[in-house]
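**Student:** Relevant sequence annotations retrieved from TrEMBL are reproduced here:
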- 44-60: transmembrane segment (TRANSMEM)
- 80-99: transmembrane segment (TRANSMEM)
- 133-154: transmembrane segment (TRANSMEM)
- 169-192: transmembrane segment (TRANSMEM)
- 199-221: transmembrane segment (TRANSMEM)
- 241-259: transmembrane segment (TRANSMEM)
- 279-300: transmembrane segment (TRANSMEM)
- 330-351: transmembrane segment (TRANSMEM)
- 382-400: transmembrane segment (TRANSMEM)
- 406-426: transmembrane segment (TRANSMEM)
- 446-469: transmembrane segment (TRANSMEM)
- 475-497: transmembrane segment (TRANSMEM)
Amino acid sequence: MEDYELREAKLGAHASVDEYMVANAYPGQRTEQTRDTRTRVRRVFSFAQIFFFALTYMSSWETMALNLQATLNNGGPRALAWGIIIVVAGALAQSASLAEMASAQPIAGAQYHWTNTFAPVRQRRFITWMQGWITWFAWVSTLAGVANTSAYMLQSLVVANYPNYVPEAYHVTLIIFALLIVEGLMNMYTWVLIPWIELLAGVLHILLFVIFVVVLVTLAPRHNADFVFTQQASNTGWSNAFISFNLGLMTPTWGFVGFDGAVHMSEEVRKARHAVPRAMFWTIALNGVLAYAIILVMLYCLGDMDAALAAPFPIIEICTQATGSVKAATAMVCGLLIISVAVTLGSIASASRLTWAWARDGGLPAWFSHISPRHRVPTRSIWLPIFIVMCLACLNIASYAAFGAFIALASLALFISYMIAIGCMLQARLRKQVVFGGWTLGRWGVPINAFALVYSGWMSVFFCFPQYVPVEGTNFNYALPIFAFVVFVALGLWFGWARKRWPGLNKEIIDAVMADSDRAAKD
């Protein structure tokens with residue numbers, strides 16, 4: 001068996017050949033009869049471009065800077081200074097485990113394809129079905145989260161510079177609408193430019209890090225090491241220091257969630273078996289270094305912590321204290337806004353490719369698996385996640401808590417999807433049923449997979465905790481109820497339709513994609 005081939009699932013008598021061919025986005029193997037470019041995406045990403053795509057998408061140090069308030073309120077400086085080490089170690093184990101699978105099977109469906117490969121034969125279809133829906137919902141909610149961050153950042157900059165402006169919740173919704181529509185059109189009409197845009201954003205990601213470090217170190221007031229490494233705080237009502245510390249890890253964790261975005265783009269990456277796993281892992285490593293460095297710099301140069309925590313957008317207050325100028329602080333944060341907009345652009349791309357993959361495998365209507373012959377992108381799959389997020393953003397008008405509830409699903413659902421894939425991989429590894437690609441963990445595979453599972457499970461527990469007590473309707477953590485709803489929907493679809501009518505993944509498509517995964521040319 002070649003390394004790109006999968007063990008065939010046991011199909012019932014109901015599974016006809018027509019049913020097995022769920023979608024025809026990739027009609028068979030890459031032969032002379034199937035080289036019609038109208039039905040294929042192009043491999044437009046080089047290694048450098050997919051590396052910077054992944055580096056920018058994570059934007060880990062920017063996430064630390066933008067969301068400093070949550071961790072300082074829950075755990076204080078100590079939770080950041082020490083907790084980031086735990087988060088980076090866990091993220092490295094997760095990314096190394098997934099990179100190993102991406103090396104063997106670089107395909108847009110990622111987690112649910114790998115689950116199908118390594119899951120026990122009898123349970124394979126069911127686990128794959130649940131994994132597909134969980135992963136897809138996770139990425140839709142991730143898109144909602146990053147779009148909301150960009151919109152809220154823009155509104156905060158306006159508030160800082162125009163004192164007479166009165167911010168309204170529906171303003172954020174309108175900004176989200178405009179951002180998603182413009183970037184959806186960019187994904188559709190200017191797709192060939194996206195790799196270059198993400199590469200430039202990756203360069204800016206590093207340059208901005210240097211600028212922030214230099215400005216804060218040279219201009220900002222200083223705290224001592226005791227404040228940075230030992231100071232505790234709990235301004236959220238939690239009296240238990242252990243719980244408060246773990247809740248303080250939520251912000252650093254958000255900066256290292258979604259690294260599988262690069263894999264969802266893998267069918268558009270040249271030499272994907274080589275490029276994608278290395279981009280995934282080394283961007284986590286580099287972002288880990290940058291994130292830890294910016295945390296130390298910001299904690300030492302925080303200035304008046306009470307003023308920063310009281311500000312609606314603390315990073316603007318911190319930069320203003322350092323530079324003594326609102327305009328200078330605005331210029332610095334505008335750089336972060338550019339990165340955030342690039343993250344939203346990449347999130348649309350990754351979510352759309354996952355939507356496209358899940359549609360051609362029968363999880364979503366096959367209509368969404370269509371490749372535009374003109375643009376060579378899955379245009380219908382671009383607009384489905386955008387439309388859903390725009391509908392959800394309308395909840396902002398009534399209550400931010402309602403929209404925030406869906407955003408809360410992102411980290412929990414993604415971590416569960418990582419756990420399912422890594423768990424299936426680990427049991428297959430222990431049974432010596434794994435055919436590895438070029439990236440392999442070797443003898444370290446079992447302990448790294450096991451640590452990734454423990455870390456993912458541990459953090460998933462605290463993703464469900466409320467950030468504030470006493471718990472009210474406005475601060476309740478809806479992550480677990482929303483996730484339970486997603487699981488309930490997937491189970492309902494399984495027992496109502498898929499259990500008897502869904503034959504499993506489209507093997508012809510998988511074989512075609514895998515046979516094409518080492519291609520070094522765009523077409």
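Even glycines carry a Cβ here, placed using N, Cα and C.
All annotation found in TrEMBL is predicted automatically rather than curated by experts.
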**Student:** How about the transmembrane segment (199-221) and the transmembrane segment (406-426): do they have 3 or more C-beta pairs under 8 A, pairs 6 or more apart in sequence?
**Tutor:** no
**Student:** Could you give the residue numbers and ranges of same-chain residues that sit at least 6 residues beyond the transmembrane segment (169-192) on either side and whose C-beta is under 8 angstroms from one of its C-beta atoms?
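**Tutor:** Distant contacts of the transmembrane segment (169-192): 42, 44, 147-148, 150-152, 154-155, 341, 344-345, 348-349, 352, 372, 375-377, 379, 382-383, 386, 389-390, 393-394, 396-397, 400.
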**Student:** Using a Cβ distance cut-off of under 8 Å, indicate which of 44-60, 80-99, 279-300 has the most pairs with the transmembrane segment (241-259).
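**Tutor:** So the stretch in question is 80-99.
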**Student:** Quick one: do the transmembrane segment (330-351) and the transmembrane segment (80-99) reach 3+ CB pairs under 8 Å, ignoring pairs fewer than 6 apart in sequence?
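**Tutor:** Between the transmembrane segment (330-351) and the transmembrane segment (80-99), contact is absent.
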**Student:** Are the transmembrane segment (80-99) and the transmembrane segment (44-60) close enough to be called in contact, which here means at least 3 C-beta pairs under 8 A that are separated by 6 or more residues?
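**Tutor:** No, the transmembrane segment (80-99) does not contact the transmembrane segment (44-60).
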